[in-house]
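Report on one structure; see the data block that follows.
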Amino acid sequence: MTDIAIVAAGRTPIGSFRGAFAPLSAVDLGAAVVRSLLERCQLPAAVVDELIFGQVLTAGCGQNPARQTALRAGLPVETPAVTVNLVCGSGLKAVQQAVQAIRCGDAEIVIAGGQESMSNAPYLMHGARDGLRFGHASLQDSMILDGLWDAFNDYHMGITAENLADAFDISRERQDAFAVSSQRKAAAAIASGRFRDETVPVSVPQGKKPPRRVTDDEQPRPETSEQQLAQLRPAFRPADGSVTAGNASSLNDGAAAVLLMRVDKAHELGLPVLARIVSAAVAGVDPSVMGIGPVSACRQALQRAGWTLDEVDLIEANEAFAVQALAVGQLLEWDSEKVNVNGGAIALGHPIGASGCRILVSLVHEMQRRGASKGLATLCVGGGQGIAMTLQR
């Protein structure tokens, strides 16, 4: 099988909901990352054969946001682009599709990743198409409807997390302790500059004032303690729930991308091979327990790579909810010391269309930093799926 190389990997800082990146669209964020990859590799935009980008919240964003990103970033009008939606796995699915395109000979050089502006998701008014003759009408939040709501069981993703807490007997205390650990690891990574190489500064307009240059993740709360989290009310099951705003991921804005080509092409162009993509898998599970989707996906990806889990040096697993991450770890029996060594989505944030590629970018850079040989990236997916990808240096 053709070896596919990641030759550049970057991401924006992750912005808080209605925070630093609120004035920017998902396309603005995606274009900033795409431009940075080309600059890092000193490649002309015309060499890119295709751009594949994930985005979940596309209502009101205009046709094919990935195409908008491509042109905003300066790619030629002749370069095709496609938008992918695998909910939280969109950014990683985009990378998988890019790998497939290169392996089958449809492209030589592809930029893949994901973008999201949860801050700018519009409200929708159903029924207005035929006219509202009189009376009141209700609005629906497209961020919840299209990104955070289980279409099969008609409830919030948070209820799927509560289902896991019940099924695996995972206490509120364990969830809160996990969340604090994520915050502390992220704080240590930020303090030591570990995200510096992977992060692309973004310029944000401020009206008549000079643009603001955003360089750091906005979401982490290093002061978080278990005592503070214990005071929070359950967010989704008020009477007896254990999932709170503190032990779940947040609403965020951001983008991430990788530049892909065959290993021999990278050598021909004199570009570094940061990592090789070995295998990937997407698997389905019951939507009501969508959080355990990574279990089957990881097993399939590892089988396709010919690896065992014990061989993997580093794991990046999206933390949709603390209970979800704990359930996956319990089922796979992985070494938690290898997982999210610089914190995860509970601390850093979860811009849903971008997170799949964000964890890949973080994994690639940490593998480089540590000289790690094998890595695994994985996410759960709303609607009852999981996705995983293996990397090797």
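Glycine is treated like the rest: Cβ placed from N, Cα and C.
Copied over from TrEMBL, here are the features:
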type: ACT_SITE; residues: CYS88; note: active site, acyl-thioester intermediate
type: ACT_SITE; residues: HIS350; note: active site, proton acceptor
type: ACT_SITE; residues: CYS380; note: active site, proton acceptor
type: COMPBIAS; residues: 213-224; note: compositional bias 'Basic and acidic residues'
type: DOMAIN; residues: 4-263; note: domain 'Thiolase N-terminal'
type: DOMAIN; residues: 272-392; note: domain 'Thiolase C-terminal'
type: REGION; residues: 199-228; note: region 'Disordered'
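For the pair formed by HIS350 (active site, proton acceptor) and CYS380 (active site, proton acceptor), distance between Cα atoms is given as 12 Å, rounded to the nearest Å. Take the CB of HIS350 (active site, proton acceptor) and look out to 10 A: across all protein chains shown you find 26 other CB atoms.
Long-range Cβ proximity for CYS380 (active site, proton acceptor), meaning a same-chain Cβ under 8 A and a gap of 6 or more residues, is found for CYS88, GLY89, MET290, GLY291, ILE292, GLY293, PRO294, ASN318, ALA320, GLN324, VAL328, GLY386. Of all Cβ atoms in the protein chains displayed, 35 besides its own lie within 10 Å of the Cβ of CYS88 (active site, acyl-thioester intermediate).
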